[in-house]
Amino acid sequence: MGNGNSALLGTDLDKFEKIRLKRGGKKCYRLKHLCWCKGELDRFGLSDKLLETQQGCEKILSVCWPLYDQGSDNLKALVGTVCVVACIHAGIEIKSTQDALKKLKVITRKEEKQEDESKNFPVQRDAAGQYQYTPISPRIIQTWVKTVEEKKWKPEVIPLFSALTEGAISHDLNIMLNAVGDHQGAMQVLKDVINEQAAEWDLTHPQQQPAQPGGGLRTPSGSDIAGTTSTVEEQLAWMNMQQNAINVGTIYKSWIILGMNRLVKSHCPISITDVRQGPKEAFKDYVDRFYNVMRAEQASGEVKMWMQQHLLIENANPECKQILRSLGKGATLEEMLEACQGVGGPQHKARLMAEMMRTVVGQSQNFVQQRGPQRGPVRQPTGRKPICFNCNKEGHVARFFKAPRRKGCWNCGAMDHQKAQCPKPAQQQRVNFFRVWPLGSLQTGELSGTRGDSNSSTIRGETSAENSEHLSEIRERAQAEDEGGEERGGFSFPEYSLSRRPIEEVSVDGVTIRALLDTGADDTIFNERNIKLKGNWQPKIIGGIGGNLRVKQYDNVYVEIRGKGTFGTVLIGPTPIDIIGRNIMEKLGGKLILAQLSDKIPITKVKLKPGVDGPRIKQWPLSKEKIVGLQKICDRLEEEGKISRVDPGNNYNTPIFAIKKKDKNEWRKLIDFRELNKLTQDFHELQLGIPHPAGIKKCKRITVLDIGDAYFSIPLDPDYRPYTAFTVPSVNNQAPGKRYMYNVLPQGWKGSPCIFQGTVASLLEVFRKNHPTVQLYQYMDDLFVGSDYTAEEHEKAIVELRALLMTWNLETPEKKYQKEPPFHWMGYELHPDKWKIEKVQLPELAEQPTVNEIQKLVGKLNWAAQLYPGIKTKQLCKLIRGGLNITEKVTMTEEARLEYEQNKEILAEEQEGSYYDPNKELYVRFQKTTGGDISFQWKQGNKVLRAGKYGKQKTAHSNDLMKLAGATQKVGRESIVIWGFVPKMQIPTTREIWEDWWHEYWQCTWIPEVEFISTPMLEREWYSLSPEPLEGVETYYVDGAANRDSKMGKAGYITDRGFQRVEEYLNTTNQQTELHAVKLALEDSGSYVNIVTDSQYVVGILASRPTETDHPIVKEIIELMKGKEKIYLSWLPAHKGIGGNEQIDKLVSSGIRKVLFLQNIEPAQEEHEKYHSNEAQLREKFHLPALVAKQIVQSCSKCCHHGEPIKGQTDASLGVWQIDCTHLENQIIIVAVHVASGFMKAEVITAETGKKTAEFLLKLAAQWPISKLHTDNGPNFTSQEVETMCWWLGIEHTFGIPYNPQSQGVVENKNKYLKELIEKIREDCKELKTAVAMATFIHNFKQRGGLGGMTAGERIVNMINTELEYQYQQNQISKNLNFKVYFREGRDQLWKGPGILLWKGEGAVVLKYQEEIKIVPRRKCKIIKDYGESGKNSQVNLESV
């Protein structure tokens, strides 16, 4: 058996043909399998002679075996066949391919194991048994560098790096990384990952064995593994130890690969779950994207295999998903690609058809004409000349034939020219379909393009003003011509509504069939049960629903629609629906005119948040009437194309419900998108507020438009639509619920406002460029258009705007098109010369209205306050203070009822606002209302543009000037938003009162330019506090005391002239008695008075000069203070020796409370008077509380500071430094300050350059730890030298703003202090650099204070020491993890455990048991070590933890 060319001869071939292909199968190997095997070997560049010997077969397997697991089915079949041949050569008895694979696999693994044992490059053992190191070759380094330069950091870089560094040590790996050091960002990422892994290694291997005196190796640390603190010899020794060898090279390599995975992920931020196939994307392109992203995923091989088997199918588009699921779970990637090759857009299908045609033309096959006249001789397999498909002549093919084609022009169909010479413009070369005017009785022509009249042009989305009218004119003209009986050379279908499927009766060879007109189908196909055609046919396979379909192809079949027919190709097969494809409709002259142009609107891509999936919330029960109402709404929306049915595979759902419309019997559909909104990406609000009429420039012509069906006009991202799925249930579960999803922006979805605003704004930008002088305001779907055009020009601009919107199918309904005043817009009523607020009707309030009714009322009043002055809501808001339910009823007070009636009277008188005139000055005038609020109006001349009020009260006690300052800030912010600048402000007070208050309260942030208008009311309500004691005036020492238990209290005063008064009070507190004491002093004193108190509470209230309060006692004190000419208020601690304060303290304390006596306050005051010591010195030396020491300092007129600025937050971490340059004596001093401790380093530099700054930074980093550097954005700090030094040192560099205290406040303050120190010692120094060094020494080691009362030098050392102790303590705590805890709970006598010890205290322990944290008493637990020691020793060791 066999022939000379066979690899097996005689008996070997007989044995071969008895071996089964599969175990338990019937088919056996044949000679054809050997022939096929030889052909496959040629693909691998292997000779077929290798099959003739056993050694040759083993060589084949050495090449193919490593690819077996990941190889295709052909490769696995080839390996199996070679294994069978090898077993026959070796005389091994086998019965099937699986037996051969099993036996050959064992042999190959043994050989591989032997090879692995002998392969130890780059470490080689010499004859003496010593390990010799072979450095990595330059060729490998060159390959690595070239790969990084070409591939950057794509996923394929990682396996190449792993292959190039096989067996390398840490030294080699560092050489590889240094070779690509130009990639600084990537190297920094790798460095961070290596440092993290090294720290984790040190944490998990805390017991470091030092080097032994006898030459023993130390245990490698994390830095040793990274090769930074170890030598090549040590690395080799660790890798080749006899016992407990540590392969540092492999460990370090895994760290680097971990960092590379992070790099790859940063360069490929798309998650594998986000890779989804587009609706018209080719499956091959989708697979390429999928695998590129999957390579970047940090996952194991099993996980990636699961991704390939599940995610690849689940994320495909519905068409491919249905085909792939029909293939089953075991389908290979090749089978998937073959099955889905027909899925894609028109370009993909055209490319696929071209490739198929090229394949067919290139092959020598018989083409038999099975129906109709033959176009030429039958092509023979070989030895015949080619036939031209154009002229049917032999000797050439169609593409080399120069004569015109038989079918004429591809554009218009005329026979007298080609497409290149077609006179019609390129815009009309598109194939159009449904016409938009009705069709009369016309004669059928050969081609539709032969009609030459002007009406044959395609209706496109024009931007001209006549667009909307142009369509109706064409319709009317076409109808008139049709009625006139004018003949046309072309043929067109009538108009078909897309609210339902376009199905038409079709005659096919005399058989009538109802078929779907499908412009997306390439071919015409009918179900074999509906029609039987006669004649010859050809077999064909096409891609259909559920997979490939085997159909019969009939040529030259006559198809007739509405009396108009043509000949074409028809397919007959098992299709679920009969379809008329483009091949027939094109011959009939079908045109597709897109009356709905929403496909021109750009799609905004939307995604879910990373790591989440869509909502799956069940639909709750609905009543029958709601279900019926919802179904009607959904049917209408589906007809309009705004929603569509959902595939059965969609498992997302969002619940819906229905409510009745106001005063109607119709239902309104609502959908609960709360869960989907949580899962969806965040959107930025494009418009932060509504436009205001006061900011509109006065114009002659106004028009207000509204975009109809605003959200429903903008398409939703097709990839996101499945997440909006919802279900309309049926009553009693009579049938499965109908499932829909949104095709447009849904109401209630978080992204709808942002996407709608952005989409419409991009379209309106065209109009704004064409009409720069026109004011076009857009807020959601409301449009305001104002201009100074003439009436005709303005109307023309409006027509152009509406036509522009229509190009994107954004309609502006006539019923909301406002041409004449008054114009209703955004709640306002607009006129050409004025604007109003739409009439505000206040509802009648009952005696006990609900919280919700009060809230609505306050909202209406606040809306009206922008134009109606004097509106107050303070008393109404008091009714709903606290956490009340919106349905809870409240009782109207007399004040609230009065406020309500006053507001009603104000609203009864209509108010008008004016538009902004850029040529006139804009100013704001403030007034104080009787209710205490601040009202204001924006004015130009005598005209009011708008009004407002300010009643915000942050504290219980406030004054008018503080409230006035807050009002000016509010007005300034609103003015910038509306007009873009801050106008001049007229405040109702005098300059003296304002500056007197402002002197004490300068830190209230920003105040604009003001103009003072004296108002007697505000002057009368103001009172002055003197900063110094009044000479010759009686001094009142006041005090109060109360008993916490009995609530009894006393308050009184004693004067320096011997007068005294003490009153008793019931049910009072200590703070109230202090206030009563001040009140008594004000009642009995004259117009000028000195008051001394020991109450910080009283001073804190009265020092801010409040004029309004809800506190009854404070209110009385304010009224008494207004009647005084001058008041001096001071604070002194209530202790012995301080004036008459001690005496009044004894009077009011008698029988009330026990007075504490502190002897150190008086000496502290004396010391401060002598040396002006700071607070820290007083607290340290005299052991005073911080509050007392601070008050002693602030009571000194020389040390007192008027107010303190509002401070921000400064990063005071341990490693944070601030650096700045200052100038003194025409020289440059660079100053560095440690933010946390205040430690300073300074020196004189020759030039303020990046090089000198970098040198200073390096010297600083060599002495002190730095993790973060903060500077201003000066050129020396932003230079390349400083950035490089920060990168090398691993320092984070941040920038601030020069001279901004919030940016470099610490170093700016030190600059000033350093200069003061230098000034004191400058006379003792010859050179400035010596003075700088001495001043730095004094600051760091001779100035005590701040945190801990230490010097700056002591403080920074203490902080570093504390940080090290903390880290040591954390390490000690981690040792607790070595202990296990067994414990009992409650009355349960059974021991539970073991748990993990987290903390051990004196009476209890904290442990973790089964993911739960427990606190157990020490008497109910036993703690043992986790490793082998006796119970006794374990207990002893435990107590030492």
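Quick reminder: no glycine exception, Cβ is built from N, Cα and C everywhere.
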Ask   = Pick from Asp1056, Asp1094, Asp1110: which one does Swiss-Prot list with Asp1039, Glu1074, Asp1145 for the same Mg(2+) 2 site?
value = Asp1094
Task = Write down the one residue from Asp706, Asp717, Asp719 that Swiss-Prot lists together with Asp781, Asp782 as binding Mg(2+) 1.
result = Asp706
Message = If you look at how Swiss-Prot annotates this chain, which of 246-262, 994-1010, 1283-1299 comes out as motif 'Tryptophan repeat motif'?
response = 994-1010
Note = Between the ranges 35-82, 851-898, 1331-1378, 1379-1426, Swiss-Prot assigns DNA-binding region to 1379-1426
Ask   = Between 152-169, 386-403, 962-979, which stretch does Swiss-Prot give the note zinc finger?
value = 386-403
Inquiry  = Please report, as numbers and ranges, the same-chain residues at least 6 past the borders of the motif 'Nuclear localization signal' (26-32) whose CB is under 8 Å from any CB of it.
reply    = 2, 6, 13, 16-20, 81, 84
Remark   = Residues near Asp706 (Mg(2+) 1 binding site) by Cβ (under 8 Å) yet at least 6 apart in sequence within the same chain, in sequence order, are Asp781, Asp782, Leu783, Thr812, Pro813, Lys816, Tyr817
Key: Local confidence of the zinc finger (1159-1200) - pLDDT mean   = 70
Message = Please give me the CB contact count at 10 A for Asp781 (Mg(2+) 1 binding site), counting all chains in the structure.
response = 19
Task = Please list, for the domain 'RNase H type-1' (1030-1153), how many residues fall into helix, strand and coil according to DSSP.
result = 42 helix, 35 strand, 47 coil
Remark   = For the motif 'Nuclear export signal' (16-22), the DSSP helix/strand/coil residue counts are 1 helix, 1 strand, 5 coil
Inquiry  = Need the DSSP three-state call for Asp706 (Mg(2+) 1 binding site) to compare against my parser.
reply    = strand
Task = List, in sequence order, the residues of the same chain other than Asp706, Asp781, Asp782 whose Cβ lies within 8 Å of the centroid of the Cβ atoms of the recorded Mg(2+) 1 site.
result = Leu705, Ile707, Ala710, Tyr779, Met780, Leu783, Lys816
Query = Could you give the number of helix, strand and coil residues in the DNA-binding region (1379-1426) as assigned by DSSP?
reply = 3 helix, 31 strand, 14 coil
Ask   = How many helix, strand and coil residues does the motif 'Nuclear localization signal' (26-32) contain under DSSP?
value = 2 helix, 1 strand, 4 coil
Query = Including all protein chains displayed, how many Cβ atoms other than that of Asp782 (Mg(2+) 1 binding site) lie within 10 Å of its Cβ?
reply = 18
